[in-house]
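Data first, discussion second: the structure below is written as structure tokens.
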Amino acid sequence: MRCPFCGHDDTQVKDSRPTDDNASIRRRRACPACASRFTTSERVQIRDLVVIKKDGSRSTFDRDKVVKSLQIALRKRPVDEEQIERIVNGIHRRLESLGENEVPSKLIGELVMDVLIGMDQVAYLRYASVYRNFREAKDFGDFLGKMGRQGDD
């Protein structure tokens, strides 16, 4: 693998270990040219998923986009990065298990919301406010009312 610091073509793997959920391998690498060290992550990719957006356009599934949206929703909440990685790995596996090459963005949003509602209601509300495009305080109130009614069932 090419060194991200100096561009040298051949780096050495110093340490490899699976992540806690065994969904990927973390490798610690060293560059013999500049002596820099860096970490890489290796995952199995069954197929390239294409996301169909609301406007009909298509783009390659961007796992980091899901990670960032969860980090924003879970900011200052008692959830660490490893838990976020496990959530995203689970969502990605569910999408791949559908057997489809194309998935609607709405499905990804719903999967994220399904995880968040059982995990952290504040994060669920934060995510929903962006995902459902809340424009005013009334939208929050309406949504909280629906959450309360669902909890009563």
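Glycine is no exception: its Cβ is also placed from the backbone N, Cα and C atoms.
The annotation region 'Disordered' is assigned in Swiss-Prot to 1-23. Within the chain, the region 'Disordered' (1-23) has long-range Cβ neighbours (under 8 A, six or more residues past its boundaries) at 29-34, 36-38, 40-41, 43-44, 82, 85-86, 89, 93.
Look at Swiss-Prot and you will find 3-34 tagged as zinc finger, backed by sequence analysis.
What Swiss-Prot lists as compositional bias 'Basic and acidic residues' is 7-23.
Confidence across the domain 'ATP-cone' (49-139), taken as the mean pLDDT and rounded to a whole number, stands at 91. For 49-139, the entry in Swiss-Prot reads domain 'ATP-cone', with the evidence type sequence analysis.
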